[in-house]
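In Swiss-Prot this protein carries:
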- Arg78, Arg103, Asp130, Pro131, Met132, Leu133, Ala134, Thr135, Gly136, Gly137, Ser138, Asp199: 5-phospho-alpha-D-ribose 1-diphosphate binding site (BINDING)
- Ile193, Gly198, Asp199, Ala200: uracil binding site (BINDING)
Amino acid sequence: MAIYEVKHPLIQHKLGLLRKADLSTKQFRELASEVARLLTYEATKDLETESITINGWAGPVTVQQIKGKKITIVPILRAGLGMMNGVLDMIPSAKVSVVGLYRNEETLEPVAYYEKFTTDMEERTALIIDPMLATGGSLLATIEMLKATGCRRIKGLFLVAVPEGLEKISSAHPDVEIYVASIDERLNEHGYILPGLGDAGDKIFGTK
């Protein structure tokens, strides 16, 4: 599995701001969206393009456009929604598919409660978005749902991840690419990332 820890200075600066404990909901949302936008730029650098001819201001001109059915964004509810606008800023024509999962706080395993995928999934590149890749359980479940639709080109975009989760995904799905702003140290006894960002869902939605 290809794992890209994106070390761009803008990403690292904004991630540092995200780690501050006293951010307002508005500030956290804005920064999460900005980092998602930059990760999208990295994750789409290998998309295929094709030549088309359009009418330019001085006559016909040949330009490049992304080839095929393009992209579906797959936010994992609920925290993944906090990254969605940033991705859509870069790919405004992308279709949005949704996966609803919550974590059982005793077993730390994901429980699925909702899924809705766009059409022609087998022809699309899926960009899974979620602020955290912790145990890897939610991502694993989402990948399996996507592959059940026929989707085979899958990438994940995360603000932070830990080696434990990355190893789980690498073992089960070596064909999936991961783009992450930071590979953090470890999980604590409650399954939260350290140093991490805290509870990203609560920070994005202003809940506790």
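Using the three backbone atoms N, Cα and C, a Cβ is placed for every residue, glycine included.
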Legend entry - Sparsest-packed of the listed binding-site residues (Gly136, Gly198) - C-beta count within 10 angstroms: Gly198
Legend entry - Among Asp130, Asp199, the one of these binding-site residues whose Cβ has the fewest neighbouring Cβ atoms within 10 Å: Asp199
Inset, instruction - Compute the mean position of the Cβ atoms of Ile193, Gly198, Asp199, Ala200, which form the recorded uracil site, and then list in sequence order the other residues of that chain whose Cβ is within 8 Å of it. - result: Pro131, Met132, Tyr192, Gly196, Leu197, Gly201, Asp202, Lys203
Legend entry - Among the 5-phospho-alpha-D-ribose 1-diphosphate-binding set Arg78, Arg103, Asp130, Pro131, Met132, Leu133, Ala134, Thr135, Gly136, Gly137, Ser138, Asp199, as the record gives it, the longest Cα-Cα distance in Å: 17
Legend entry - Asp130, Met132, Ala134, Gly136 filtered to the binding-site residues whose C-alpha is within 10 Å of Ala200 (uracil binding site): Asp130, Met132
Inset, instruction - With H, G and I counted as helix, E and B as strand and the rest as coil, say where DSSP puts Ile193 (uracil binding site). - result: strand
Inset, instruction - For the binding-site residues Met132, Ala134, work out the Cβ neighbour count at 10 Å and name the residue with the minimum. - result: Ala134
Legend entry - Intrachain C-beta neighbours of Ile193 (uracil binding site), sequence separation six or more, cut-off 8 angstroms: Met132, Ala134, Val160, Ala161, Val162, Asp184, Arg186, Leu187
Legend entry - binding-site residues compared (Arg78, Ser138, Ala200) - highest count of Cβ atoms within 10 Å: Ser138
